[in-house]
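Novice: Let me give you the structure first, and then I'll get to my questions.
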Amino acid sequence: MLSTLANTHTERMAPIMYRAILNECSYSYNGLHTHRYASTATTTKTETKNESLNKPETKFLFPDAIKPEELPKARNTRLVSMRDFKHMAEGKFLTKPMFKHPVWTSEEMEGIYYTHRKCKTLDDYITFYFMRVLRNTFDFCTGYLEPKDKQDQIRIAKSKRRMTREKWLTRFIVLESIAGIPGSVAGFLRHLQSIRLMRRDKAFIETLLDEAYNERMHLLTFMKLGKPGRFARLMLWFGQGIFANLFFLTYIIRPKICHRFVGYLEEEAVLTYTRCLQDMRMGLNPQLYHTGIPQIAKDYWHLTNKDTFYDMILYIRADEAKHREVNHTFANLKLRQDRNPFAKDVPNDPRPQPLSDTLKTHRGTGWDRKDLIL
Ligand SMILES: [Fe+2]
Ligand SMILES: [Fe+2]
């Protein structure tokens, strides 16, 4: 690492940055591998470390620590290629977002970290291991190597198997095209239930459709940057055909299991985006860091021309964390009788409650039913 820095920065700056990298590496790797499936109780220590890892002042420490031309030629993906910059412009008939995105501070978003909800019931174990099979297959197909610790992350970033900008975009596009399904299917089924039984829905539909809309905005943003090839599109068609139908049928029979599955899926999404942010923060992928932000993303997440790709991914990771919280909480509810606790604040009650538009009361593993005013 010191030799990389010596090549890329002045001698005066190198000792300062080297010390900073060592400081980053001295943290255990925030539970991403060894402790990633530890129980909530045992992750408390890890979470404190994560918070210190995510301090905003380390954000732009060395975005250019490694120059792209100094890296070995990577095994790149052919599934997605980068688009020209001109594709980032929008047409003149662009409408305003249907679900307005709340404004979150960078401190709140930097405070998001990976956390795992421990499996408690047989349903939890089934959904979790099913999700793990999907995740491992997905890793294999997109050429993703999961680092064991920070040193391993640096080693991967400097090898032929590193995550190039195209590989990240492939991963994001596939991930987001699947992630947009559950909210819309669940919202549609609850809508049908409401009109079929002629009773109110207790505000679940809006949150579910908002989630689906938000995921589609993630996808549309990445589609402005990357262009999927024919094989990738074919894969998405099959993926959607199988997953959407499976989710639809399962949701009719066991909606809680579906929400738990999405909760675990979103845990993995938070993990992926955290790794991506760490790569950029540590200067391991300057090309990705310097990728522009499309207009659609600026409009949706209230970003300015000064904001970077890093800032945009911060927002997207916070969105995934919110989906994780919402779905784990929904899986803890009695869905036939309870109201959606994210939909309405409870005035004149000091107990903290979840809300869809804030990260201030965020709980990564979801809210237990006993803590909710229902
Ligand atoms: Fe997403
Ligand atoms: Fe999500």
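In case you wondered, yes, glycine gets a Cβ from its N, Cα and C as well.
Quick caveat, the model's predicted, so the values are computed rather than measured.
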Novice: Glu215, His218, Glu320 show up in TrEMBL as binding Fe cation 1; which entry in Glu176, Glu267 does that record put in the same site?
Specialist: Glu176
Novice: So TrEMBL lists Glu215, Glu320, His323 for Fe cation 2; which of Glu166, Glu266, Glu268 goes with them?
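Specialist: As annotated by TrEMBL, Glu215, Glu320, His323 share the Fe cation 2 site with Glu266, chosen from Glu166, Glu266, Glu268.
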Novice: Given the binding-site residues Glu176, Glu266, which one is most crowded in terms of C-beta atoms within 10 angstroms?
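Specialist: When each Cβ's neighbours within 10 Å are tallied, Glu266 leads.
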Novice: Counting only residues 6+ away from its ends, which parts of the chain sit with a Cβ under 8 Å from the region 'Disordered' (340-363)?
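Specialist: Contacts of the region 'Disordered' (340-363) (Cβ under 8 Å, skipping residues fewer than 6 from its ends): 102, 104, 108-109, 111-112, 202-204, 206-207, 210, 318, 321-322, 325-326, 329-330, 333, 371-374.
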Novice: Cβ under 8 Å, sequence separation of at least 6 from the ends of the transmembrane segment (234-253): give me the contacting residues as numbers and ranges.
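Specialist: Counting only partners 6 or more residues beyond its ends, the transmembrane segment (234-253) has Cβ contacts under 8 Å with 79, 141, 173-174, 177-178, 181-182, 185-186, 189, 228.
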Novice: Taking Cα atoms as reference points, rank the binding-site residues Glu176, Glu215, His218, Glu320 by distance from Glu266 (Fe cation 2 binding site) and give the first.
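Specialist: Minimum Cα distance from Glu266 (Fe cation 2 binding site) across Glu176, Glu215, His218, Glu320 lands on Glu320.
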Novice: What binding-site residues among His218, Glu266, His323 have a C-beta sitting less than 6 Å from any atom of ligand 1?
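Specialist: Result: His218.
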Novice: As a quick check of your reading of DSSP, tell me how many residues in the region 'Disordered' (340-363) are helical, how many are strand and how many are coil.
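Specialist: Summed by class, the stretch gives 0 helix, 0 strand, 24 coil.
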